[in-house]
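**Q** What follows is a structure written as structure tokens; I'll ask about it next.
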Amino acid sequence: MSQLTHITERGEAHMVDASAKADTVREARASAYVTMARATLAMILDGQHHKGDVFATARIAGIQAAKRTWELIPLCHPLMLSKVEVQLTAETEQHWVRIDAVCRLTGKTGVEMEALTAASVAALTIYDMCKAVQKDMFIGPVRLLAKSGGKSGDFTGDEV
């Protein structure tokens, strides 16, 4: 079984020293869902929200969050991301919005936390923009779908 990399032998939290790692292309893909009432989703899709374009705002928030993950999550490295993509898809049958985030770089550490943060903050932004019309929206699941590159190898999770 793998060991926790952010904990020393004495049980102290520390930032991993990545200086000896090789630069490789690393990519991660994460998703999040926001389930809401059909009327709330229709309002978003019809462009009738008084705060403006919900999807555009959530996309920008997700991109910005990925770039600032190191400021939000202790022990994350600041990264020079080469790509952050946030896609929002309304699935009217399930009355949810699916958020897919992809982060990529060439570097020494992975971008899983950046992809997860992008998807999460995009979901939170949708909630924030729509809470005036519906407070019981549901966020989740939020999960890592895939990662590639790096010493630990590739990972692909099952689709929800």
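A Cβ is built for glycine as well, from the same backbone N, Cα and C atoms used for every other residue.
Dumping what Swiss-Prot says about this protein:
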- ASP128: active site (ACT_SITE)
- LEU75, CYS76, HIS77, MET113, GLU114: substrate binding site (BINDING)
**Q** Excluding LEU75, CYS76, HIS77, MET113, GLU114, which residues of the same chain place their Cβ within 8 Å of the centroid of the Cβ atoms of the recorded substrate site?
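**A** After dropping the recorded site residues, what remains is THR69, TRP70, ILE73, LEU79, THR109.
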**Q** Have a look around ASP128 (active site) and count the other CB atoms within 10 A of its CB, chains all included.
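**A** Around ASP128 (active site), other Cβ atoms within 10 Å: 15.
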**Q** What residue among the binding-site residues LEU75, CYS76, MET113 has the most other CB atoms lying within 10 A of its CB?
**A** MET113
**Q** Any idea what the Cα distance is from LEU75 (substrate binding site) over to ASP128 (active site), rounded to a whole Å?
**A** 27
**Q** Inside 10 Å of the Cβ of HIS77 (substrate binding site), count up the other Cβ atoms and send me the figure.
**A** 14
**Q** Give me the long-range Cβ neighbours of GLU114 (substrate binding site): same chain, 6+ apart, Cβ under 8 Å, in sequence order.
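**A** Listed in sequence order, they are ALA28, ALA66, LYS67, THR69, LEU79, LEU81, VAL84, CYS103.
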**Q** Please classify the secondary structure at LEU75 (substrate binding site) using three-state DSSP.
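**A** Reduced to three states, the DSSP call for LEU75 (substrate binding site) is coil.
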**Q** Any idea of the Cα spread of the substrate site, LEU75, CYS76, HIS77, MET113, GLU114, as a max distance in Å?
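**A** 13 Å is the greatest Cα spacing among the residues binding substrate.
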**Q** Spatially speaking, which of the binding-site residues CYS76, HIS77, MET113 is closest to ASP128 (active site)? Use C-alpha to C-alpha, please.
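**A** Smallest Cα separation from ASP128 (active site) among CYS76, HIS77, MET113: MET113.
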